[in-house]
């Protein structure tokens, strides 16, 4: 259990730094958070499906990659607060667009991640 927690901790640190790096490179907060969450949706699906098939990784390493790296890279709480903030500002259209785009693009990216994984693992 300590090993698993250690991997999650180390990978979470890396994922947080990646998110911080991306968010500090732009002034387009909503777009950046949307992009981060869509990339994370793809990566979670792809990593979860591909790596166990191609590379024998321990459960601790997989937890580090999925829960730690991808989990800390993505940010559901920031997305939620952004939607609430937009609603409070009276920008209902933008809030709805951001909410729908996040949901649809995130789910679409996860589907693409699973499909990409299937192609990669078929060739292996």
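Quick reminder: no glycine exception, Cβ is built from N, Cα and C everywhere.
Please treat TrEMBL annotations as automatic predictions, because they have not gone through curation.
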5-22, 77-94 - the range that TrEMBL marks as transmembrane segment: 5-22
What stretch of 5-22, 28-47, 54-76 shows the most Cβ pairs under 8 Å to the transmembrane segment (96-114)? 28-47
If one takes Cβ-Cβ under 8 Å and requires six or more residues beyond its ends, the residues near the transmembrane segment (28-47) are 19, 22, 62, 65-66, 70, 73-76, 78-79, 82, 98, 101-102, 105-107, 109-114, 116-117
